[in-house]
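Peer 1: According to Swiss-Prot, the protein has these features:
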TOPO_DOM  1-14  topological domain 'Lumenal'
TOPO_DOM  39-114  topological domain 'Cytoplasmic'
TOPO_DOM  131-168  topological domain 'Lumenal'
TOPO_DOM  188-261  topological domain 'Cytoplasmic'
TRANSMEM  15-38  transmembrane segment
TRANSMEM  115-130  transmembrane segment
TRANSMEM  169-187  transmembrane segment
Amino acid sequence: MAEPELLLDSNIRLWVVLPIVFITFLVGVIRHYVSILLQSDKKLTLEQVSDSQVLIRSRVLRENGKYIPKQSFLMRKFYFNNQEDGFFKKTKRKVVPPSPMTDPSMLTDMMKGNVTNVLPMILIGGWINWTFSGFVTTKVPFPLTLRFKPMLQQGIELLSLDASWVSSASWYFLNVFGLRSMYSLILGQDNGADQSRIMQEQMSGAAMAMPADTNKAFKAEWEALELTDHQWALENVEEDLMSKDLDLSGMFSKDLPTGIF
């Protein structure tokens, strides 16, 4: 015998489901702008700026070297890749990995991240669990096993309730991790409201990634430039332009007056 279908009151949609969605979305937007206000500017040294510009110059030479004469290309390549005194060969940078326990700025960034990400999630989640506790909000459109009951029915302990039903507390967490497409559409791709992306970065350690090794970047660029040959793209360009038939008939119109009077 089939179990009777559970019908929800329409007021639950108006006073529980939609408010949780709006509150979660607004908290994410506020968290995004608060993270922008608390974001500290990263200070770059003159050496870091100079190294980045050198890498850009080398990459531009590899991509657009075909538009300059071969002698000019070889001169620039010799400056970067000379075996004896080339820039990429003689330049060695000392890379000191920063320690979060000795760098006050890193500790400050960690504290700001906890304030803008973890604290609002705990406070709003606790408030929603206290305000909307005990409500069944919606049902997923496919059957689930009993293993999903602790995840989708937080705050509701009914053994006879189908695992496809979602409680109010679980509905909040589903919105926290399910509104990333809306945040990307409204706030942009790299926004501070995407809680799932922030948690993934914290779990993988990307939020405290060490700076790139400049020596490895120089070596990779040296190898790429060493494999680049000069392919003159403007060969016979003068003859090609002069050999084209120039149609000048359209420059003169027969209807134009030939005299002033």
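Backbone N, Cα and C define each Cβ position, glycine as well.
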Peer 1: With a Cβ cut-off under 8 Å, give me the same-chain residues at least six positions beyond the ends of the topological domain 'Lumenal' (131-168) that come close to it.
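Peer 2: Sequence-distant neighbours of the topological domain 'Lumenal' (131-168): 3, 6, 8, 12, 16-17, 19-20, 174.
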Peer 1: If you run through the topological domain 'Lumenal' (131-168) with DSSP, how many residues end up as helix, strand and coil?
Peer 2: 9 helix, 7 strand, 22 coil
Peer 1: Helix, strand, coil residue numbers for the topological domain 'Cytoplasmic' (39-114) per DSSP?
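Peer 2: Tallying H, G and I as helix, E and B as strand, the rest coil: 49 helix, 0 strand, 27 coil.
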